[in-house]
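Participant: Feature list, courtesy of Swiss-Prot:
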SIGNAL    1-12  signal peptide
TOPO_DOM  13-39  topological domain 'Mitochondrial intermembrane'
TRANSMEM  40-61  transmembrane segment
TOPO_DOM  62-79  topological domain 'Mitochondrial matrix'
TRANSMEM  80-104  transmembrane segment
TOPO_DOM  105-248  topological domain 'Mitochondrial intermembrane'
BINDING   183, 218, 222, 229  Cu cation A1 binding site
BINDING   218, 220, 222, 226  Cu cation A2 binding site
BINDING   220  Mg(2+) binding site
């Protein structure tokens with residue numbers, strides 16, 4: 001048992017103090033975002049290293065002999081290099097980013113739809129595909145739990161009294177809007193960040209590939225209690241989701 005515990009994977013699905021990297025991904029979208037970030041960082045560090053090396057060489061040579069390049073006015077070859085090379089690097093960055101941008105905006109045959117409504121300062125969720133025993137759409141509101149009411153293990157400024165419950169490995173579409181001001185529905189582990197605009201319906205899809213609890217927050221300054229709009233998503237197995245659905 002101890003050996004099994006040593007090899008247990010503990011995913012980072014919540015913000016942690018002094019964390020310098022992303023939360024662990026749980027969707028293909030976030031995997032693509034992480035890969036694009038790492039690729040761009042590679043190009044940035046390569047350019048930084050190359051330019052720094054050139055600057056050091058130039059400063060060193062000039063220090064040894066200030067008049068070495070006194071009469072050099074231009075260099076055609078170096079001008080060609082510093083024009084073409086950055087263009088190639090930008091193209092290598094642009095093409096993957098355009099592809100990822102297109103894929104993140106594409107909504108592919110969702111199995112279920114959840115409507116998200118942002119209000120000052122809480123969220124409202126509607127499961128438009130399901131109705132309860134009274135023939136009404138399943139909907140509820142989600143408020144942040146005040147710090148003085150938090151139980152052991154709950155997270156300050158992140159835990160809510162209700163959460164979005166989603167079956168794992170299911171294509172889910174979020175349709176988002178707002179009733180008052182612009183909010184932003186953002187969950188880092190899912191790679192989701194989309195504005196909720198009054199009078200406008202926007203959509204984003206996701207496929208969560210593992211069970212867990214994922215947190216997000218409103219990421220658009222929306223008023224005095226902007227920080228009191230956390231998002232909590234629970235991903236469960238399909239039988240557990242159906243049981244939860246029957247209880248609503």
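Each residue, glycine too, has its Cβ placed from N, Cα and C.
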Participant: Would you list, in sequence order, the residues of this chain other than 218, 220, 222, 226 that have their CB within 8 A of the centroid of the site's CB atoms, where the site is the one recorded for Cu cation A2?
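Facilitator: Near the Cu cation A2 site, beyond 218, 220, 222, 226, sit 118, 121, 181, 182, 183, 184, 219, 221, 223, 229.
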Participant: Which one of these binding-site residues, 218, 222, 229, has the sparsest Cβ neighbourhood, judged by other Cβ atoms within 10 angstroms?
Facilitator: 222
Participant: Would you mind listing the long-range same-chain contacts of the topological domain 'Mitochondrial intermembrane' (13-39), meaning Cβ under 8 Å and 6+ residues beyond its ends?
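Facilitator: For the topological domain 'Mitochondrial intermembrane' (13-39), the list is 93, 96-97, 100, 103-104, 155, 158, 188-192, 206-210, 212-215, 235.
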Participant: Roughly how many Å lie between the Cα atoms of residue 226 (Cu cation A2 binding site) and residue 183 (Cu cation A1 binding site), rounded to a whole value?
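Facilitator: With distance taken Cα to Cα, residue 183 (Cu cation A1 binding site) is 9 Å from residue 226 (Cu cation A2 binding site).
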Participant: Other residues with Cβ within 8 Å of the Cβ centroid of 183, 218, 222, 229 at the Cu cation A1 site?
Facilitator: 118, 120, 121, 184, 196, 217, 219, 220, 223, 226
Participant: Note the mean pLDDT of the topological domain 'Mitochondrial matrix' (62-79), expressed as a whole number.
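Facilitator: Result for the topological domain 'Mitochondrial matrix' (62-79): average pLDDT 70.
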Participant: Any same-chain residues 6+ apart from residue 220 (Cu cation A2 binding site) with CB under 8 Å of its CB? Would you list them in sequence order, or say none?
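Facilitator: In sequence order, the residues whose Cβ lies under 8 Å from that of residue 220 (Cu cation A2 binding site) (at least 6 apart) are 182, 183, 184, 195, 226.
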Participant: Do you know which of the binding-site residues 183, 226 has the most other C-beta atoms within 10 angstroms of its C-beta?
Facilitator: 183
